[in-house]
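J.: Attaching a single structure in structure tokens format; questions to follow.
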């Protein structure tokens, strides 16, 4: 289980470092191309959840995050011997904590990754970890289901 905790902490650290870098070097509501036409680094504040849903519900998201951390922690302790569940849950934990820290400390989440080739909301490293964690968990569940048939 310690490897999964280290992974979660690495996600949080990477997420917070990149958010700090963006917030201190890029003016708010601006972006800089990284690969022209493909991806830019932006600096926006997200006062809601994914796609800015439920804007202004800071305490709701803080409570949901605390519940999520408890549930993820419980399942991580229970399923840590299965690498798929351990990896997926560790990514979920790191992503949840990364955005939780922003909401608690700042009242909003710093988002910075902008895909220029598609009309898609700007997101951050924690969001990537959450998405990847869900994908890993779904694939692990499908694999387990096939093994049990």
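Any Cβ shown, glycine's included, is placed from N, Cα and C.
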J.: Could you tell me which of the ranges 41-58, 59-76 is annotated in TrEMBL as transmembrane segment?
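T.: Comparing 41-58, 59-76 with TrEMBL, transmembrane segment matches 59-76.
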J.: Let me spell it out: take the transmembrane segment (121-142), skip the flanking residues so only those 6+ beyond its ends count, and list any with a Cβ under 8 Å from a Cβ in it.
T.: 11-12, 14-15, 18-19, 42, 44, 46, 50-52, 82, 84-85, 87-92, 94-99, 109-114
J.: Take the C-alpha atoms of residue 111 (active site) and residue 127 (active site) and report the distance between them in angstrom, rounded.
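T.: Roughly 9 Å, rounded to the nearest whole number.
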J.: Counting only residues 6+ apart in the same chain, whose Cβ is under 8 Å from the Cβ of residue 127 (active site)?
T.: 50, 95, 99, 111, 113
J.: Let me know the DSSP-derived helix, strand or coil state of residue 127 (active site), please.
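T.: Its secondary structure by DSSP: helix.
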